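Novice: I have a structure I would like to understand better, so I am pasting it below and will then ask my questions one at a time.
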Amino acid sequence: MAAQRNRSKESKDCSGLVLLCLFFGIPWEAGARQISYSIPEELEKGSFVGNISKDLGLAPRELAERGVRIVSRGRTQLFSLNPRSGSLITAGRIDREELCAQSARCVVSFNILVEDRVKLFGIEIEVTDINDNAPKFQAENLDVKINENVAAGMRFPLPEAIDPDVGVNSLQSYQLSPNKHFSLRVQSRANGVKYPELVLEHSLDREEEAIHHLVLTASDGGDPLRSGTVLVSVTVFDANDNAPVFTLPEYRVSVPENLPVGTQLLTVTATDRDEGANGEVTYSFRKLPDTQLLKFQLNKYTGEIKISENLDYEETGFYEIEIQAEDGGAYLATAKVLITVEDVNDNSPELTITSLFSPVTEDSPLGTVVALLNVHDLDSEQNGQVTCSILAYLPFKLEKSIDSYYRLVIHRALDREQVSSYNITVTATDGGSPPLSTEAHFMLQVADINDNPPTFSQVSYFTYIPENNARGASIFSVTALDPDSKENAQIIYSLAEDTIQGVPLSSYISINSDTGVLYALRSFDYEQFHELQMQVTASDSGDPPLSSNVSLSLFVLDQNDNAPEILYPALPTDGSTGVELAPRSAEPGYLVTKVVAVDRDSGQNAWLSYRLLKASEPGLFAVGEHTGEVRTARALLDRDALKQSLVVAVQDHGQPPLSATVTLTVAVADSIPQVLADLGSFESPANSETSDLTLYLVVAVAAVSCVFLAFVIVLLAHRLRRWHKSRLLQASGGGLTGVSGSHFVGVDGVRAFLQTYSHEVSLTADSRKSHLIFPQPNYADTLISQESCEKNDPLSLLDDSKFPIEDTPLVPQAPPNTDWRFSQAQRPGTSGSQNGDDTGTWPNNQFDTEMLQAMILASASEAADGSSTLGGGAGTMGLSARYGPQFTLQHVPDYRQNVYIPGSNATLTNAAGKRDGKAPAGGNGNKKKSGKKEKK
């Protein structure tokens, strides 16, 4: 701490000195000269490094006077100045390996400041390496395992030694202790690092020597030489190259004739020098007559021979049995067992349980005493010699203690989860002839420890939950079992911390820590995510607690919560309806347009079907159930109205199903000139001024009364003429001549409908001028038609163009519909305050304006029956490309229903047949005459 404070003070003094020099303009000289020294590492503190006063050209006494001191940064000061001798000395022990690791050159740099000159001198001290480190292995012992039958020449890698020194002082060589089986080979890597390998020179014999002890020595090249060692233990694995050998070639035993069945007579033992399965010996009888085979039982694993039937001395007093021993590799050995049957004995042993230590914990070490037994037999000599035994499958064994006491000790590890208590039977048998025995029974309880973690019934779980579920709803239940008891088996459930789309999992799911029931904390949305992955942890309450995890996959099921969305025709913001063009010559099945819709749901909830919900002319059009294609169901007739209104419904297959509707307007005409001609055939009131309205009404009533008869005659003549021309047109095949094929809508799906042109006809409420709007193209949203034309081409109607006229019923004039009037913002020209939409353009020359005025004013008288249906809007009319450029479906204002004739009760309806509940008369875009007008 003191050194740190000194360095901090020196740093502050130096910083202040530098600032002072800068303030007074004193020049700062640095790096004028570099002074170099070289010292070996591990010098003692105060060792001489160099004469700094001499190298600086100063006397030793001037060092203090001139304020000469060492300036260093960020490192513990390794050197200091001796002001009396003027020499540079070490400030402490210098360890090159600590400073520079194994770098080839180790240099310590710092500066010396002469304060009165404000001058810095660079000092560079090279620390040279000495051989102060011996090579060292990471471990003191190394185990190498080699199979007994490995061929000579096999190589085995050995660990490398580490020497932090460099150059000749670093690791140079390896040596192996002398032996007759192995040699050492030293290899070098690409970076020059040497590593040793153990090479087998001669074959091994595990039975001769199972473990070979070798010493590997690593040496450096320093002076003095240093080295490090590691003990290498080579364990030889066994191969089956030895046959079993009995401990005795012949076994003899004498037994009383009254021995009980199951009494063990003797145990034969054969040994095999091999290990593992090669050394496991099994026993069997060989060449034993059937009569003798029933008398004895041989344990094939232990070699124990027991009585399986009562012996009879009078029947047979001697048995000669041949036993065969076989190892796992089919090597055999045989031995003889000679059994002599004898007589005598009358007292049974007495067995007493002196002490019982119950319960015993299941983690008790082997050899723990659980009971102390005392045995006694009143007989003498051999008949009074008592032996105790227990069943072989029990994890206990009996050990003889002093005098006649036995200890029952743990022989194999206990597991309370497998057996929680043992009913132990101890049998005491004397050595009489026949032997007598006594049994003692007692119960030993095993106490539990927390040695088993909770286990789930499945490796992983998955469950399903419908979306839009109620908050707090139960989702699923997981169950874990712990075979321990009491608090060691009390399970606590929890969820592992995780995030879903940046939100903690705990905000979506919670779990009951006692029951394992999972609850939804919020309503899930299938469209947000389909699946949740989580980890459930089950921990017991033991000390220390144990736990286990299981993965749970929660799948969100889709519900029909999204209605279909209409993509085409798109609904514009101004409330207009798209208009499609169907030529009069269209055959049945002609593709008029296509309704395109999508559903955000999935599966069956997203399957869409289309149907025609409503049509102004039933039976004229049909909608594809699965494609949404609107096609003609029959050939178009002359009586079919110019404007057809269709309502198409799109419905999904969810439960309950959701639907959406779209209204389509179809103009029945062959081309734009024909549509405009039909519009031009309407007549409009001659005057909209209201100042002389009363006079005009009187004149109008008188005029109507006078010309009524003449009108009827002219109308009949005109109808006859139209009927005559209609017959001529039908005879000519109804073909359209002189019109390019590119002037019609394509039938290749939605793309064709997007490559059409729309037109607007707007009538103002305050002006008698009519305008034909040619919307500007929106090249960002639409496709460009291959056939284009000039937007400013004049639109002309031939004077001699004549159209057949259908019978037009006389309908009473309906009052105006107030909600069809234009707002002030929608009125074009000088009548309105502004244009309602900047996507359309008004006529830009006097000719266009006057022509359209004349056409619309001429048709005003026919507006009352609502059959004038020419309109535009957000959809397309599918008209010829020569009358306007391509434009976006959604960006065209819709004025087709917003028609109001000033000074008149005449209005235009939105769809044919919607006005006053009467069906309109229409046909082939023909000119129509209005009926008799009503007075206000």
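Using N, Cα and C of the backbone, Cβ positions are placed for all residues, glycine too.
Quick paste from Swiss-Prot:
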DOMAIN    33-137  domain 'Cadherin 1'
TOPO_DOM  33-696  topological domain 'Extracellular'
CARBOHYD  N51  N-linked glycosylation site
DOMAIN    138-246  domain 'Cadherin 2'
DOMAIN    247-351  domain 'Cadherin 3'
DOMAIN    352-456  domain 'Cadherin 4'
CARBOHYD  N423  N-linked glycosylation site
DOMAIN    457-566  domain 'Cadherin 5'
CARBOHYD  N549  N-linked glycosylation site
DOMAIN    574-687  domain 'Cadherin 6'
TRANSMEM  697-717  transmembrane segment
TOPO_DOM  718-936  topological domain 'Cytoplasmic'
REGION    806-845  region 'Disordered'
COMPBIAS  820-845  compositional bias 'Polar residues'
REGION    906-936  region 'Disordered'
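Could you tell me the structural context for the features on the list?
Specialist: Break the domain 'Cadherin 1' (33-137) down by DSSP state and the numbers are 16 helix, 43 strand, 46 coil.
Sequence-distant neighbours of N51 (N-linked glycosylation site) (same chain, six or more apart, CB under 8 Å from its CB) are S85, G86, S87, L88, listed in sequence order.
Across the range of the domain 'Cadherin 3' (247-351), the DSSP-based residue counts are 8 helix, 47 strand, 50 coil.
Residue counts of the domain 'Cadherin 4' (352-456) by helix, strand and coil are 4 helix, 53 strand, 48 coil (DSSP-based).
When other Cβ atoms within 10 Å of the Cβ of N423 (N-linked glycosylation site) are tallied across all protein chains shown, the result is 10.
Looking at the domain 'Cadherin 5' (457-566) alone, the prediction's average pLDDT is 90.
In the three-state DSSP classification, N549 (N-linked glycosylation site) falls within a strand.
Secondary structure of the domain 'Cadherin 6' (574-687) per DSSP (helix as H, G, I; strand as E, B; remaining residues coil): 13 helix, 47 strand, 54 coil.
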Novice: Give me the CA-CA distance between N423 (N-linked glycosylation site) and N549 (N-linked glycosylation site), in Å, as a whole number.
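Specialist: N423 (N-linked glycosylation site) and N549 (N-linked glycosylation site) have their Cα atoms 37 Å apart.
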Novice: Please spell out the DSSP helix, strand and coil residue counts for the domain 'Cadherin 2' (138-246).
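Specialist: Summed over the domain 'Cadherin 2' (138-246), the classes give 3 helix, 55 strand, 51 coil.
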Novice: Near N549 (N-linked glycosylation site), which residues of its chain come within a Cβ-Cβ distance under 8 Å, counting only those 6 or more away in sequence?
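Specialist: Same-chain residues close to N549 (N-linked glycosylation site) (Cβ under 8 Å, separated by 6 or more) are A496, Q535, V536, T537, A538.
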